[in-house]
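Per TrEMBL, these features apply:
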TRANSMEM  12-29  transmembrane segment
TRANSMEM  35-53  transmembrane segment
TRANSMEM  65-88  transmembrane segment
TRANSMEM  100-121  transmembrane segment
TRANSMEM  128-155  transmembrane segment
TRANSMEM  167-185  transmembrane segment
TRANSMEM  206-226  transmembrane segment
TRANSMEM  232-254  transmembrane segment
TRANSMEM  266-290  transmembrane segment
TRANSMEM  296-318  transmembrane segment
Amino acid sequence: MNILKILALDRFTILLIVMVILATFLPVHGQAADIFSKITTIAIAVLFFLHGAKLSREAIIEGVLHWRLHAVVFAFTFAVFPIIGLLAKPVLLPVLGQELYWGFLFMCFLPSTVQSSIAFTSVAKGNVAAAVCSASFSNLIGMFITPILVSLFIFGQSKHDYDPTSSIIEITLLLLVPFIAGQLLRPYVFPWMKKVPSIVKTFDQGTILMVVYGAFSGAVVAGLWHQVSWTTLFYLTLACSVFLTIIMLLALYIPKWLGFNKPDQIAIFFCGSKKTLASGVPMAQILFIGQPIGMIVLPIMIFHQIQLMVCGIIANYWSKRNTSEAEQETGW
């Protein structure tokens, strides 16, 4: 079962790449792009409605009680990531250029993933309840923190006159309101979701694929691949890989140093070292109106692929190791 979970994530990674290729050769544009955008917006709202319905009241209570763990995850997500991204500016800006560096910083400001953080924590036999809370709360808080960070450290350093208030309102209406509605209607919706988990998962991943296809279609029409060379793509991929390595090393050793038990360490590792694509692209479309969206979301796209593949390998390894340790302790 653990292997199947990893393979499912791998298939999704392949489909994401297919969407980029499809958008490159067959981008949606003109009136069709407007219609596709409206359909995607509705799908995103439904997706976060389902996320809200999925989070149990027990998990919320568990989250409130386990505040130390969530504080560490939030520190990684909204402090460690941004600080390293800002410190890397002298190295990255000359190599990547202004728009891609903005995209890299935007990636640093995003909340954690929900689905894959929980899945990897489960596979590695970590604290799943804590992962559910941390990932979900991270996304809720990120709806407010991410626009503020963008305002301070991206548009605040440029000539753009940007007020995060309107963006926060738009993000709240698109993501938070459906999430709260799902939470309120959970007693009626969740029983159906349990009966058709494959449909829910397909809709979840399908929505992300739609968002990626739409964003990259617009970028291709605007000339993305004429602006980004293969050399720049290589440097961006290298930067994302090095960045992920640094974050993962910190997320591996700091929880140990703070005295968390093994299941909590696993939850912190996966929730604290990852960034969301599902929330990231819709946020980018709201926050960076008039900017080259394709350039802005390209770093999170690449980082997302790398984090899925690396986390899949690590989760599988920890699963086998923890199973072996449990067998030795019980004598089986």
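Heads up, the Cβ atoms here are built off N, Cα and C, so glycines get one too.
On a predicted model such as this, the values are computed, not experimentally measured, just so you know.
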Excluding the flanking five residues on each side, which residues at least 6 beyond the ends of the transmembrane segment (232-254) place their CB within less than 8 Å of a CB in that stretch?
72, 76, 80-81, 84-85, 88, 92, 95-97, 100, 104, 265, 268-269, 272-273, 298-299, 302-303, 306-307, 310
At a C-beta cut-off of under 8 Å, are there same-chain residues at least 6 beyond the transmembrane segment (296-318) that contact it? List them, or none.
2-3, 6, 9-10, 12-13, 16-17, 20, 99-100, 102-104, 106-107, 110, 116, 120-121, 123-126, 212, 215-216, 219, 224, 228, 236-237, 240-241, 243-244, 248, 266, 270, 273-275, 277, 280-281, 284, 288
Between 35-53, 65-88, 128-155, 206-226, who has the most Cβ pairs under 8 Å to the transmembrane segment (266-290)?
128-155
Does the transmembrane segment (65-88) come near the transmembrane segment (206-226), with 3+ Cβ pairs under 8 Å (pairs 6 or more apart)?
no
